[in-house]
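Over in TrEMBL, the protein carries these features:
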- 1-38: region 'Disordered' (REGION)
- 71-111: region 'Disordered' (REGION)
- 71-102: compositional bias 'Low complexity' (COMPBIAS)
- 119-240: coiled coil (COILED)
- 261-593: domain 'Kinesin motor' (DOMAIN)
- Gly350, Gln351, Thr352, Gly353, Ser354, Gly355, Lys356, Thr357: ATP binding site (BINDING)
Amino acid sequence: MSRLPVITKRVLTSSNSENSHHLAPAPKKVRREQEPQRCPTAVTVIGDKRPPVASGRASLYKSVRGAGAATVAAGPSRAVQKVPTASTAPKGAAKPPAATKAGGTGAPRRQAWDLKGKVSDMEGKIRNYQTKVRSVNEENELLKGSVAQSRNRLSDLEREVESQKSKICGYEVELQALCGVREDLKHMTSEKNCLQRELSDLEAKYKVMETLRDSQEAELQTLKEEVRTLKETVVEQKDELHAGEMERRRLHNMIQELKGNIRVFCRVRPLVDGGLSSHIQLAPSDNKSITLAKTEESHTGKSADTHKNYHFSFDQVFGPHASQQQIFEEISLLVQSALDGYNVCCFAYGQTGSGKTYTMEGEEFDDSRGVIPRAVQQIFRAGEKLESQGWEFNFTASFVEIYNETLRDLLYTGKPSKRPEHEIRKSNNEVTVTNLTYKQVCSEGQVLDLIALAKQNRSTAQTAQNDRSSRSHSVFQLQIEGANAGRDVRCKSTLCLVDLAGSERMVKSQSQGERFKEMTSINSSLSNLGIVITSLANKESHVPYRNSKLTYLLQGCLGGNSKTLMFVNISPEPDSFGETLNSLRFASKVNDCVIGTASSNKK
């Protein structure tokens, strides 16, 4: 902004100098226009030959007048004024110095009669004047060009002034804007200072973080070394764990073999009002024996009543107060063998109403769940633990019913009229059922849903001994396939859980018609089961599996390559003494059997 007054001053000074240069010759121009009026007076004094000179001089003056105001300041204008003085010298007093000036050559003044000399002098003067006029004209032309240039310069300066004025207006607008920018600048400066302080703080923190990073990198290197060492340790421990798992399986199954590959558990159902019947005696210190006591009256009346006791010993005897959890704890190790690659079969035997279905299936509550749901839970939980050791398991579930020596699919959900027929087939030592529903399961919940569906489809009927008697054998099978890719080990086994139909006598059950047919079929299949177990115990060359659909289906679990557990359930009512005695005798026969050593199905 300090330059603006200087520009204005320069413009005004230039314009004034130009105007003063253009207007200054004006007074001289007026004077030069008056000077030629004196020339005719001097010409008339000289004589006849002056008019031509006057005409020539008039032309000179005319050209001088047209030359412009710049020629007024030249010397010849004053010489013209002195010419008449020289011509009029004879009329006045004698003035020799003036004559000498008029001649301009310093020669003596000519005589009056020397007209020729005077004309010669005048012509010389004229030539001098013409030379001066030409130089003045040239100077005038130069001045005209200078004036034109000055005018152009003036117009340029005026335009520049207008441009500068417009710029000044723009600068004033910018100045107003810059006033606001100054405030913003102050604000930004304060923010900059704050940011610089923050930057300095961050730089300090960065230095601290660098120090921490260096220390952490050192720790990281140390941890990497530790991790590498731990990985090596983990590999070694995995090898040891695998070896320990193999040893556990060997010892576990050795214990099971020492206990017997076929084992019998006895369970006494409590009375309806609680307690235990007097004819069943359980030793408080011995949980492996049971005694049936019966008083018989004398048929002749001559002798006193006789007391008979029947003693039985089994692998485990559970009284009426035993819980479902206590029952399963005794067979949980046997269920574990199924994951180890051994075929496992567990079935419940007893008269109708003795609690077989409750033992195997139980109720929906956790405390009252039976063997089947608890075994499924243990299988899946143990499988999840073994996954950390590299094992992967696939489970396939099926549920079949044997009713009147006919197979029925309990997982069938189609129309009853379109229910397919099923046949038992054996190939490569594997027993399969045609058209049977095999479900791939991966959780405990899926299996429990299948069990609930099978429970709805199972055949039951009312008899004289039980309002809801199971009229068929239900067989739940869970096929287990395990693989350890890292160890290149595979195993395959089947967990078979069977709820047998109730054994009963025709006199006690009072069955007629369809119920009688069902009872006959049930007793026949149970008798064939006893025959098969006896044949296995005697190591006969031929075992009659095909005599019954039940034994034919269970031949993979009843043979020497399996672990079998039998639950014998008895009723505590006195009127069931006969059925209880028959059940215990059958269970004792099974318990006395010794079958071959089971082997794991590993590849």
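Backbone N, Cα and C atoms are what each Cβ position is placed from, and that goes for glycine too.
Just so you know, TrEMBL annotations never went through curation; they're auto-generated.
Recorded features from TrEMBL, shown on the structure.
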| residue | record | CB count, 10 Å |
| --- | --- | --- |
| Gly350 | ATP binding site | 28 |
| Gln351 | ATP binding site | 25 |
| Thr352 | ATP binding site | 25 |
| Gly353 | ATP binding site | 22 |
| Ser354 | ATP binding site | 29 |
| Gly355 | ATP binding site | 18 |
| Lys356 | ATP binding site | 27 |
| Thr357 | ATP binding site | 24 |
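Averaged across the domain 'Kinesin motor' (261-593), the predicted model reaches a pLDDT of 83.
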